[in-house]
C-alpha cells in the first residue's frame, strides 16, 4: 500500500503561496520512506505525552488551517507514490477562523476539531524532518502542529482502531461534555440516511475535498465535493468519527449523536473485515493485561442499534455475559417504557407456562420436571414466539376445561357416595320399623313408665347418648318433615351434637354413625373423613334451627325416601351412577396424563425461550428510542472483552438480516466504573469473602489474591492441630472429588451449599492446619517424637529412687526440674516445631503461651505493615504522590518506631537471652530471671521513665528489678529518638495533605488568572464567553492527580469545594490509624487465645473422655468380666470422643477460628489500604436468567413433594 509522507499546507493570509507550492516533491526520489517520527508535543503538553510514543499519520492531517484541501495525484517521473498539492482555488472560511482567536488555541478550544489517525508509527530514521525539500520557514510550523496535535490526541489514539482491516482511517473528533449529563433527543435515522448519500457520492474518483464551516452559533460541519481517486488504494471504507455534535449538516442534514460513526464506502473492491478473526487475534493480548490484583479495565460505550436488529444483537450479547447495560430510563415507570407490551406478553406466557408446569408436577403418577439446557442460548425468532403463545393459550384453555370437568365429576362422585352412605344408615335405623302398622302398634303399646322415664331424662337438662335415645315420641307424627339426614366432617361430630342439642332446647334427637367413610376433596384430592347423622324433631321452627346448625358446621343434607323399598331403589341407582363417574374420571385422567407426559419434555424449551425473550426485552427497555425507531444505549464493557462484544454485535447484525450495522463507540464519563474481578471456582470463594465486606473501588488494590494465603494461615494459627486439620482436609477433598455428582443432584440445602461452596478454602485451611500442627507438634493434644528430643534425664537411678520414696512418705507428687546445663544438648535441637518434651512438662503452658503470644504480635504487625505497603500501590496507580509523602511514609515510620521496634526486641530476646549467665550486649546477664520484660519496657518507653542500666550494680549485685532495666547500650537515647520521630509523624499525617491541597489550589487559581489576563492583552478585546458549555476534548487530564482520583479514592466524593472537609477527613484518618495500630496489635492476640483454647479442649477430650472412658473397667475385680467389657467400653468411649471432637473441636472451634480470621482481614488488614465502596459489575447474562427460572421450577417441585397428592385447580 502506498503511503504519504510529505505535507502541503494551504497558506493563511499573509503567507507566500509560492512557498507552499514548492513543497510538492518533483520526483519520487525526493520522497522519504513512509515512516516519520514526531516530537513529544509542545512544552505545555509534555506532561501528557510520552516522547517514546510514535504515531503514523496517513494521510497527513492539517489542523492548523481553516480549510483542508487534499488531492490524490501520481508523482512525476513515473512514480506511483501519491502526494499532496495545494488546491489553486483556495478561499479561507472566515467563520472557522473566528472560532478561535489564535491558532495555538485550536487544540484547546472545546469548539474545535481534532484530526486523528490510528495507524502504526513511522520509524525514526525516515523522519519527515530530514526531507531536503522542506524549507526552514515551514519546518517550525510542521513541528509545532505535530506537537500540539499529538499531545492532545494521545489518549484517543490509544482507543481508536482501524474499522476495516488493511484500510486507512481518517478521524475527526470533537470533545464530549463530561460535565453535562443531559442526553439530548436525537434522530438516529438521519445518521444512516446521511451515510448512504455520502456513500453514493464517494463512488467516483477524483478529488477528496473536505470543507469545514464552523461557527460558534451554528456549530455545523459540511462535507462538500467528496471524491476519491479510483486508482488510490485508500479510497475505500474511510471512516469518520464525530463526538458530541449537536448539529451536523450533510447532504441529507442528519443529526448525529455523540460518538456516532459513518462509513463512506467506495465502489472499489476491498478486503472484507472479519470481526471474529480480529477478536481472536486481539483478545489474547488484551486478556494478558487483566489481573486479579486489580479490577479489569472498564470502558463506557454507546451502542446504537436499528430497531429491527436490536433484539438479535442484545440476545447475542447476552450469550457471553460481558456487558453491563446502563438504564437510561431510570426515571421512567416500568409501565411507560417502549417494550412494555412485549414484556407483558412474556409475563403472560410465563404465567401460563407455570400453570402447565404445576399440572405436570402435581399429576398422578408424578412426572419429574426436566432441566433447562444451558448449552444453547440461542434466542427464538418472533415467529416461534407467536406460535408458542398460541400453543400455550390453547393448552391453558384445554387444561382449564379438563380441571373444571374433573372438579365437577369428582364433586358428583363424592355427592353420590355420601348419598349412598346416608341411605344405608337410615335404612339401618328403620330396619325394625318396616311396616307402618307395626310402628303404630309400637306407639300405642308404650307404657306410662317409659314415657315418664323419657320425660325425666330431659327434665334434668342432661344430654343423653345419641345412639341410645328413644325415638318413640316422634314416630307417630303425621308431619312429613320429622327427621333430617346428611353427612358432616368426622372431627365436628361431638360439637355438632352439643350445639344442636342446646339450640333446639332438648327437643331434637341426634343419631350419628359410629363408623366413618372417606371421600377425596375435589380440589386438592386430600382424603376427608366424614360420618352420617340423623336429626329427629317436630315442628317447622325446629326444622329451621336444624338447617342453620347444619349450615354452620358445613354439614350436607340429603333427602331420604321414607320407605325401605324406595331407599333400596335409590341405592341401586346411585351405585350405577358412581360406576359411570369412575369410568369417566379414569378416562379423563389417562388422557390428561398422556398430554402432560408429552408436554413435560417441551416445557424446559418453552421456558428457556420465554426467559430469553423476557430478559432481552428488559434490557432493550434501558435504551432510549428515537422517533424513527433507532435505539441508543450505554453499557460498561471490560476492555479485554471489546472485540468479543463487537463480534457478538456483528453476529446479531447478520442474524437480523438488516442493512444497517450496529454502532459501538467509546464515551468519556466521570461516573465511577463498576468493579469486575475475574475469578474461577478456586478464587471465587476468596473474592466473595472480600466482597462481603465491600466491593473494591475501580482499579483499587484487590485483597483477594493475598487473602488466598493469609486467611488459611491465620485460621491455622488458631486451629493448630495436625489431626483436626487432616479431618478438615479429607472433608474438603471429598467435596472436590465429587463435584460433578453433587452439582448434578442440585441440592438446595443452604447449610450444605455453604460448606460445599467453601470446599477450596476448607482444603487450604486443612493444609495450613496440618502445617501449624507440626509446628506446635500437636495432634489430638499429643506430640510426636520424630527427630529425637534434645532434652535428656540428668538424674541417676539412686536420685530417682530417693525422690520416689520421699513422694511415698509425704503422700504428694514432686516435679523434677531438668537443668539446661546438664539435660539439654544444643547440638540436638529439635529441627522442626516444638520439642516433644514440652508435652509432658508441667510448665508447658508457660512456655507455649509466651511463644504463641509473641508470635501473634509478630504476625499481626507484619500483616498490618504489609497492608500499609499495599496502600502505596494505590497511591502510585492513581498518581497521588502527596498521599505517599503525607500518609504512606509517616505511617511506615510510625509503625517502625514503635511496633516494628517491638518485633525486633522479641526476636533479639529469643536469640540472645537464655537461662545461662553470659555477657549480652556489653552487660553481664545473670540468668533467665533477668530476661527483659518487653511489655513493661514498652510502657516505660512512652512514659520516659528512668531505669537502671544493665543487671548488676556497682558492687556486682543483681538489681531486684533487673528485668525492667535497660538491656543494651544507649537504649534510652534510641527510644527517645524513636518516640520523638513517631510523634512528629502525627502532625505530618494530620496537616500535610490539606496544606498541600490548599497550596496547589491557590497556585492553580493564580495561574488561571494570569493566563486569562495575558489572553485579553494579546487579543486586545474582551471576548464574551460562549453560550455552549465548555468541555474538555478527550479523557480527563491528570496533571494534578493528587487532587483528583486520589482524594476521590480516600473520601469517595468531590472534596475540592471545601478545604474544611479535607481537614476533617484527614483528622479522622490520622486518629484512626494511630489508635488502630495499638488496638489492632492487641486484636491479633486472639491468635494466641484461640490456639490456647483449642489445645486445652483437645487435651480435655483426650484425657477426660477417651482415656478415662477406657479405664472405667479397671476397677472391676473380675478379670473375665473386665476383659469382656473393655472392648465395648472402648468403642463407646471412642464414639463419644469422635462425636465431641467433630461437633465441638472441628465444627464449633473451626467456625470460631473462621470468624476471627475474617475479622482480622476485614478490620485489621484491609483498613490499611482498602475502602470497599465500589459497586460490582452485573453483566447481562442469559444463563443467569435461565438459572433463576430453573430455581423456581425446582422450588415448585419441592413444595409439591411436601404436599404430595395435591391437585392444582384454577
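Keep in mind that glycine also has a Cβ here, set from the backbone N, Cα and C atoms.
Since this is a predicted model, take the numbers as computed values, not measurements.
Listed in Swiss-Prot for this protein:
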COILED    339-405  coiled coil
COMPBIAS  259-271  compositional bias 'Low complexity'
COMPBIAS  275-291  compositional bias 'Basic and acidic residues'
CARBOHYD  1010  N-linked glycosylation site
CARBOHYD  1019  N-linked glycosylation site
CARBOHYD  1118  N-linked glycosylation site
REGION    259-292  region 'Disordered'
TOPO_DOM  1-715  topological domain 'Cytoplasmic'
TOPO_DOM  737-760  topological domain 'Extracellular'
TOPO_DOM  782-855  topological domain 'Cytoplasmic'
TOPO_DOM  877-892  topological domain 'Extracellular'
TOPO_DOM  914-976  topological domain 'Cytoplasmic'
TOPO_DOM  998-1127  topological domain 'Extracellular'
TOPO_DOM  1149-1210  topological domain 'Cytoplasmic'
TRANSMEM  716-736  transmembrane segment
TRANSMEM  761-781  transmembrane segment
TRANSMEM  856-876  transmembrane segment
TRANSMEM  893-913  transmembrane segment
TRANSMEM  977-997  transmembrane segment
TRANSMEM  1128-1148  transmembrane segment
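Counting every protein chain shown, 10 other Cβ atoms lie within 10 Å of the Cβ of residue 1010 (N-linked glycosylation site).
Proximity of distant same-chain residues to the transmembrane segment (716-736), defined by a Cβ-Cβ separation under 8 Å and at least 6 residues beyond the stretch ends, is recorded for 742, 755-756, 759-760, 762-763, 765-776, 778-781, 855-856, 859, 1086-1087, 1090-1091, 1094-1095, 1098, 1141-1142, 1145-1146, 1149-1150, 1152-1153, 1156-1157. DSSP places the residues of the topological domain 'Cytoplasmic' (914-976) in helix, strand and coil in these numbers: 22 helix, 10 strand, 31 coil. Residue counts for the topological domain 'Cytoplasmic' (782-855) under DSSP (helix as H, G, I; strand as E, B; rest coil) come to 37 helix, 3 strand, 34 coil. Predicted-model confidence for the topological domain 'Extracellular' (877-892) is 92, expressed as mean pLDDT. Residues in the topological domain 'Cytoplasmic' (1149-1210) partition by DSSP class (helix H, G, I; strand E, B; coil) as 41 helix, 1 strand, 20 coil. Counting every protein chain shown, the number of other Cβ atoms lying within 10 Å of the Cβ of residue 1118 (N-linked glycosylation site) is 9. Within the chain, the transmembrane segment (856-876) has long-range Cβ neighbours (under 8 A, six or more residues past its boundaries) at 700-701, 703, 706, 710, 714, 717, 883-884, 887-888, 891-892, 895, 899-900, 902-903, 906-907, 1046, 1049, 1077, 1080-1081, 1083-1088, 1160, 1164-1170.
For the topological domain 'Extracellular' (737-760), the residues of the chain that approach it from at least six positions outside its boundaries are 371, 681-682, 685, 731, 1194-1195, 1198, judged by C-beta separation under 8 angstroms. The DSSP secondary structure for residue 1010 (N-linked glycosylation site) is helix. Between the CA atoms of residue 1118 (N-linked glycosylation site) and residue 1010 (N-linked glycosylation site) there is a gap of 110 Å.
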